[in-house]
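Colleague: Quick one: this structure, given as structure tokens, is what I'll be asking you about.
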Ligand SMILES: NC(=O)C1=CN([C@@H]2O[C@H](COP(=O)(O)OP(=O)(O)OC[C@H]3O[C@@H](n4cnc5c(N)ncnc54)[C@H](OP(=O)(O)O)[C@@H]3O)[C@@H](O)[C@H]2O)C=CC1
Ligand SMILES: O=C(O)C1=N[C@H](C(=O)O)C[C@H](O)C1
């Protein structure tokens, strides 16, 4: 059995991952933790996540459980993800990182640590449908080329902390790369006032936050006289959790290095 520890186990994603790990025939939930001060510490993680008691208590901090982990699944907060990656590097523990909002410096740190010390799957979206969307957008941008304006709109629940979503940024990167552009140069994340005409090369990424929207992404390829729109809508979090659990099962038998869901799902050549 593969021993899985879940970080942020009482969170929205943590709870769904606990469910999926608990019900997986080849995985065992060997630990679940929250940060110091959390009201969930000491409680049975099954009771918190709606499974009923399963005999695994939520403990305090990564060091309380890391020695019980073959793989650590992290859906928490960008700054702590890097701390967990440092600890995983020391112990050689595999990781699955779903947390978004990492700065480019934090992403570089995670990459360097993983390449030197442990296998890690990192993706801003673990859902199969979204990973297919990434590839469709890459292909569509490559075929349509500069004659079509690329605009991305994402919508999420009112409690989300980062914007734009990690998924929207990756969609922007996929389109930018296919068009030979650099998203850091051409990405436009806000428009307000007398901004003038749209430039040919910009890629717009706009954000909606409200209510309990789980996660929606639309990519527009707007041409003169026609428009292609490709949308993914998540209606619950199980798609993300299922992908994270698939990645956890896959990553434990990989050599050290940083991987994406394209590796897990075999989508590189799609
Ligand atoms: N890759 C993907 O497929 C997906 C990625 N995400 C990303 O996952 C992240 C989490 O999302 P979500 O579950 O909705 O957020 P939540 O806030 O519901 O869950 C995060 C959990 O992590 C806990 N946490 C924060 N700091 C620590 C720490 N130092 N140690 C242990 N636990 C900690 C939080 O505790 P506290 O409440 O005390 O802060 C909380 O319980 C976000 O970055 C989101 O964008 C979300 C869905 C899919
Ligand atoms: O915070 C969320 O909820 C989600 N975050 C991810 C992101 O930032 O892309 C993925 C998903 O859309 C849900």
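Each residue, glycine too, has its Cβ placed from N, Cα and C.
Pulled these from TrEMBL:
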DOMAIN    2-126  domain 'Dihydrodipicolinate reductase N-terminal'
BINDING   8, 9, 10, 11, 12, 13, 34, 98, 99, 100, 123, 124, 125, 126  NAD(+) binding site
DOMAIN    129-265  domain 'Dihydrodipicolinate reductase C-terminal'
ACT_SITE  156  active site, proton donor/acceptor
BINDING   157, 166, 167  (S)-2,3,4,5-tetrahydrodipicolinate binding site
ACT_SITE  160  active site, proton donor
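Please situate the listed features within the shown structure.
Modeller: Here the domain 'Dihydrodipicolinate reductase N-terminal' (2-126) has a mean pLDDT of 98 out of 100.
Long-range C-beta contacts of residue 8 (NAD(+) binding site), restricted to its own chain and to partners at least six residues apart, with a cutoff below 8 Å, comprise 14, 34, 35, 74, 75, 76, 77.
Taken residue by residue with DSSP, residue 156 (active site, proton donor/acceptor) is part of a strand.
Annotation for residue 157 ((S)-2,3,4,5-tetrahydrodipicolinate binding site): same-chain Cβ neighbours under 8 Å, separated by at least 6 residues, are 209, 210, 211, 212, 213, 214.
Note on residue 160 (active site, proton donor): other Cβ atoms within 10 Å of its Cβ, all shown chains, come to 17.
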Colleague: Find the shortest Cα-Cα separation between residue 166 ((S)-2,3,4,5-tetrahydrodipicolinate binding site) and the recorded positions 10, 12, 123, 160, and name the residue that gives it.
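Modeller: Out of the listed candidates, the nearest Cα belongs to 123.
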Colleague: I want the residues beyond 157, 166, 167 whose C-beta is within 8 angstroms of the mean position of the (S)-2,3,4,5-tetrahydrodipicolinate site's C-beta atoms, in chain order.
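Modeller: Leaving out the recorded residues gives 100, 124, 125, 154, 156, 160, 162, 165, 168, 215.
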Colleague: At the Cα level, what's the spacing in Å between residue 167 ((S)-2,3,4,5-tetrahydrodipicolinate binding site) and residue 10 (NAD(+) binding site), rounded?
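Modeller: One finds 23 Å between the Cα atoms of these residues.
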Colleague: So if I take the recorded positions (156, 157, 167) and measure from each Cβ to the nearest atom of ligand 1, which come out below 6 Å?
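Modeller: Listed by sequence, the hits amount to none.
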Colleague: Compile a sequence-ordered list of residues in the same chain as residue 125 (NAD(+) binding site), six or more apart from it, whose Cβ lies below 8 A from its Cβ; state 'none' when nothing qualifies.
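Modeller: Sequence-distant Cβ neighbours: 131, 166, 167, 170, 215, 240, 243, 261.
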Colleague: Cβ under 6 Å from ligand 2: which of the binding-site residues 12, 166, 167 qualify?
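Modeller: Among the binding-site residues listed, those whose Cβ sits under 6 Å from ligand 2 are 166, 167.
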